[in-house]
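A short write-up of the structure that comes next.
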């Protein structure tokens, strides 16, 4: 089983990304999802209503307090959820773990996630990639989402591309408009090639 951690600020598109990925990959792979919310099961409920996955393949973890603690310093609640999911479905090939909405410094504990995808969005401005932080600089894949909003918020995608290249060096990044399913195929290809080590 490959565990893929997905984190990023509130509203960047993490839940929508997971919903799109499960829709694209469900027929070919055995999938499951763990979501993290501070005080509610909101993301888990959204996934249950909108995902192609049955609700028993989705676990919502209520982290309380700081969401980044539950994915890094004290990942015990999430590790228990991983264990529970493996007991329910021993055949799981990909487990997506969504962090609670957090800032640019959120990262996953290596024992919780094998790979990390960090999602930011254009609406936060074109300066976000150059601000750096562990998510932008060290994640295995950076997704710059909501590219359709660039003209409305005055964000320059060329500047974002330049800064992402500079901050990430050789690490990959992708531009997406998840709501319109733009760029999702490229994310699926990245997962197949780098996380599942498939020859595409």
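Cβ from N, Cα, C; glycine included.
Under DSSP, residue 10 (GTP binding site) is assigned to coil, being neither helix nor strand in the three-state scheme. Per Swiss-Prot, GTP binding site is recorded for 8, 9, 10, 11, 12, 13, 14, 15.
Of all the binding-site residues listed (8, 11), 8 sits in the most crowded Cβ setting, with the most other Cβ atoms within 10 Å.
Looking only at other Cβ atoms within 10 Å, the busiest spot among the binding-site residues 10, 12 turns out to be 12. It is 9, among the binding-site residues 9, 13, whose Cβ has the fewest other Cβ atoms within 10 Å in the structure shown.
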